[in-house]
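J.: Supplied in structure tokens, the structure appears directly below.
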Amino acid sequence: MTKIKIVVIVGPTAVGKTALGISLAKAFNGEIISGDSQQVYRQLDIGTAKATQEEQEAAVHHLIDIREVTESYSAYDFVQDAQKSISDIVSRGKLPIIVGGTGLYLQSLLEGYHLGGQVDQEAVKAYRNELEQLDDHDLYERLQVNNITIEQVNRRRAIRALELAQFADELENAETAYEPLIIGLNDDRQVIYDRINQRVNRMIENGLLEEAKWLYEHYPTVQASRGIGYKELFPYFVGEMTLAEASDQLKQNTRRFAKRQLTWFRNRMAVSFTAITAPDYPQVVHDRVRDFLGQKEKS
């Protein structure tokens, strides 16, 4: 089976993945697929660091604004949506470029989790429904029975982990249809932290408070409201924190999230990282993509 070549850009938040994705899309006739679990939601633009209107006009973006904030979204949903987008992009002779930071989503797509083949989709849905009916105590008992330990336990993580364990044999044998070039962006920790702090400041200047307050007043308990960028501001709205304290909390949580992202990509995916402050960046990335696609550099 001839596999479909795709480019995947990963790295910590605020590292510049969107800008690189647009650059590659222009250079290699590509279209971008968002691999971010929060950017699927309509009306949540600033806190999710969604590509701006100008950026979306510079390159076609997929899987942005495809869910209402009241709806849930999972790795299963992402794989189904991403598969359709990849097929659509390739059918028009273009290069799929996945830009994202949600490690589980990307791993699920690239390693065949929830793809067709040996995995019985109806069985997956039935098992997920069974788990969702359990209370927290019974759900975590299932984790212990299966010798599963996960960090920062919550229901969604627990259900994902149990699904993977339940269908491990089928998933192990499920072959992905893609040949990915995984490009990792990173730099010194202080460089990344400074970029995160600057981004949070820009978000607040650009209207994050209004966006977060709308979410808090209308849908404070939905899945979308638990994303970094919103929940940190909720205490400010009820007078439990000053704006400066809430802003600092958001910066700290985002830095911690960036660290977790890097740990995930290093441990779970075969990533070769490029420093964004290197003198030959992004030319070195363009060269890697050109070699991957078997293209010659234009003279």
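Quick reminder: no glycine exception, Cβ is built from N, Cα and C everywhere.
According to Swiss-Prot, the protein has these features:
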- GLY11, PRO12, THR13, ALA14, VAL15, GLY16, LYS17, THR18: ATP binding site (BINDING)
- THR13, ALA14, VAL15, GLY16, LYS17, THR18: substrate binding site (BINDING)
- 36-39: region 'Interaction with substrate tRNA' (REGION)
- THR102: site 'Interaction with substrate tRNA' (SITE)
- ARG128: site 'Interaction with substrate tRNA' (SITE)
J.: If I take every residue in the region 'Interaction with substrate tRNA' (36-39) and average their pLDDT values, what number comes out?
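T.: Looking only at the region 'Interaction with substrate tRNA' (36-39), pLDDT averages out to 94.
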J.: Between THR13 (ATP binding site) and THR102 (site 'Interaction with substrate tRNA'), what is the CA-CA distance rounded to a whole number of Å?
T.: 10
J.: For GLY11 (ATP binding site), what is the secondary structure by DSSP, using just helix, strand and coil?
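T.: Once the DSSP labels are grouped into three classes, GLY11 (ATP binding site) ends up as coil.
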J.: Distance check, please: Cα of THR18 (ATP binding site) against Cα of ARG128 (site 'Interaction with substrate tRNA'), rounded to an integer number of angstrom.
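T.: With distance taken Cα to Cα, ARG128 (site 'Interaction with substrate tRNA') is 33 Å from THR18 (ATP binding site).
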J.: In sequence order, which same-chain residues at least six apart have a C-beta under 8 angstroms from THR102 (site 'Interaction with substrate tRNA')?
T.: GLY35, ASP36, SER37, PHE78
J.: Using the structure shown, find which entry in LYS17, ARG128 (the recorded positions) has the sparsest Cβ neighbourhood within 10 Å.
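T.: Result for the recorded positions LYS17, ARG128: minimum number of other Cβ atoms within 10 Å at ARG128.
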